[in-house]
Amino acid sequence: MLDSATFLTPAQIVAELDKYIIGQHDAKRNVAIALRNRWRRLHAPADMQREIVPNNILMIGSTGVGKTEIARRLAAIADAPFTKVEASKFTEVGYVGRDVESMVRDLAEQAVNLVKQRRKEAVKSQAAQAVEDAILDALIPPLPGVGSSVVKPGGLGFGGSTGAGPDDMPSSDLELNERTRERFREKLQRGELEERFIDIKVQQGGSPGIGLMGGQAGLDEASLQGLQDMLGSMMPKKTRKRKVTIAEARKILLDEEAAKLIDMDEVKDEAIRLAENAGIIFIDEIDKVASSNANKSGPDVSREGVQRDLLPIVEGSAVTTKYGVVNTDHILFIAAGAFHVSKPSDLIPELQGRFPIRVELQSLTKEDFYRILKDPKNALTKQYEALLKAEDVELTFDDAALEQLAGIAFEVNSEVENIGARRLHTVMSRLLNDILFDVPDRIGPNAHIQVTRELVEQRLQGMVRNRDLSQYIL
Ligand SMILES: Nc1ncnc2c1ncn2[C@@H]1O[C@H](COP(=O)(O)OP(=O)(O)OP(=O)(O)O)[C@@H](O)[C@H]1O
Ligand SMILES: [Mg+2]
């Protein structure tokens, strides 16, 4: 986390990214610097903090070479709120397109989720205690007149209960009830009752039926959302009885109890701060809103309009969200595009100036493909191995097979269309299609499937040779 004393150094950030992304060292270095810079800023003297602007990054590279992946992993490493938008989306709706401020509202939403999650984690054990009380109440309801969930384990000694009960209740009943509850509490704690069914009250989600239309009323998205939420919270919360096992009840109730323990106002404040200082907004397809020639008419006008709309947000402005005002001055923006037709210099100068760091991503080679198949933590081969492992089938890939696969993907990319590493997905799914279908019906548990070079050739080679076929299938 950004405000902790220890935060990953640039080299450590690159090392983390290396676990998922092959190659692209220049891009990794630069995003690592940008991330570390934010930590540096927060540790700079207060009067300087305001002055230090983030160095937004423009990533240039063709499709499927890792642009989005780098940004996404970066956010995960930083444990930072992250949102991805497509610049071209903003033109679709009309002249001005979708309201560009929505990206900041999305970011605020992400930040709130993140903070909520962290806080829930922090109150987990306290919530677990409350859950245990609630389950116990459902199992052995406390006798009327005696506080239920407020009784902490051991909080009410047996000896002390004499005369504590209501007049019409012999203290022995009370004592019995208490003793039974304690016995069941112990059973619960030992996990002996997990399969038993109990009735619990669960809250119905949200408040369906309230839908407001913006537009005509002249409401912007933020106030519309706020209004909807307000109406939602005014409606009585519906609860519903459900019969579930204790194990399930634990899961359901834990979330509810944890939510009760966290202060939403504090969450909102912290989330806003987090979004402002640590948020990352990824603007994809920025090249699609760059005008490719000097002829500024027709669709180009609206493209430039989108850039002009983006500008204040990237330069720093205050955006109202339903959680509060988010200042965008220190949000890190990473823009990306292929820039095949247009060039970064086709962006309006003000926007160019806001993305001073340019990194070019390399086209992936056959060797890169081979490593992408094999090395990343989430490598495709590892994903399929895990899928089949669930069926107790062992799947292994010969190195020669992976080389062959990489070669095929590369060939199809150069002959049909270059879609980068995404090609590996289609090639791999084609290769394994029959196997995935035959397990477990024809290939039973404990089988071992070894993917050899021959198997790859047999299943894919013909398709590669036949251009028409590979166009549709690979
Ligand atoms: N260098 C790489 N190392 C590992 N995996 C990669 C790499 N490049 C791409 N991939 C894989 O390919 C997929 C697509 O990559 P990504 O989404 O980053 O493409 P992109 O560069 O953002 O393309 P686009 O311009 O189309 O948005 C990812 O899911 C990732 O698994
Ligand atoms: Mg992308």
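Each Cβ is built from the backbone N, Cα and C atoms, and glycine gets one as well.
Remember, TrEMBL labels are computer predictions, not curated facts.
According to TrEMBL:
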BINDING   Ile22, Gly64, Val65, Gly66, Lys67, Thr68, Glu69, Asp284, Glu350, Arg422  ATP binding site
DOMAIN    53-361  domain 'AAA+ ATPase'
DOMAIN    364-462  domain 'Clp ATPase C-terminal'
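Maximum intra-site Cα distance, ATP binding residues Ile22, Gly64, Val65, Gly66, Lys67, Thr68, Glu69, Asp284, Glu350, Arg422: 34 Å. Checking the binding-site residues Ile22, Val65, Glu350 against ligand 2, none has a C-beta less than 6 Å from an atom of that molecule.
The number of other CB atoms found within 10 A of the CB of Lys67 (ATP binding site), across every protein chain shown, is 25. Of all Cβ atoms in the protein chains displayed, 17 besides its own lie within 10 Å of the Cβ of Glu69 (ATP binding site). Under DSSP, the residues of the domain 'Clp ATPase C-terminal' (364-462) split into helix, strand and coil as follows: 63 helix, 8 strand, 28 coil.
With the fewest other Cβ atoms inside 10 Å of its Cβ, the least crowded of the binding-site residues Ile22, Val65 in this structure is Ile22. In this structure, Val65, Glu69 are the binding-site residues from Val65, Glu69, Glu350 whose C-beta falls under 6 Å of some atom of ligand 1. For Glu350 (ATP binding site), the same-chain residues that are 6 or more apart in sequence and have a Cβ closer than 8 Å to its Cβ are Leu311, Glu315. The average pLDDT the prediction assigns to the domain 'Clp ATPase C-terminal' (364-462) is 94. Under the DSSP three-state reduction, Val65 (ATP binding site) is assigned to coil, being neither helix nor strand.
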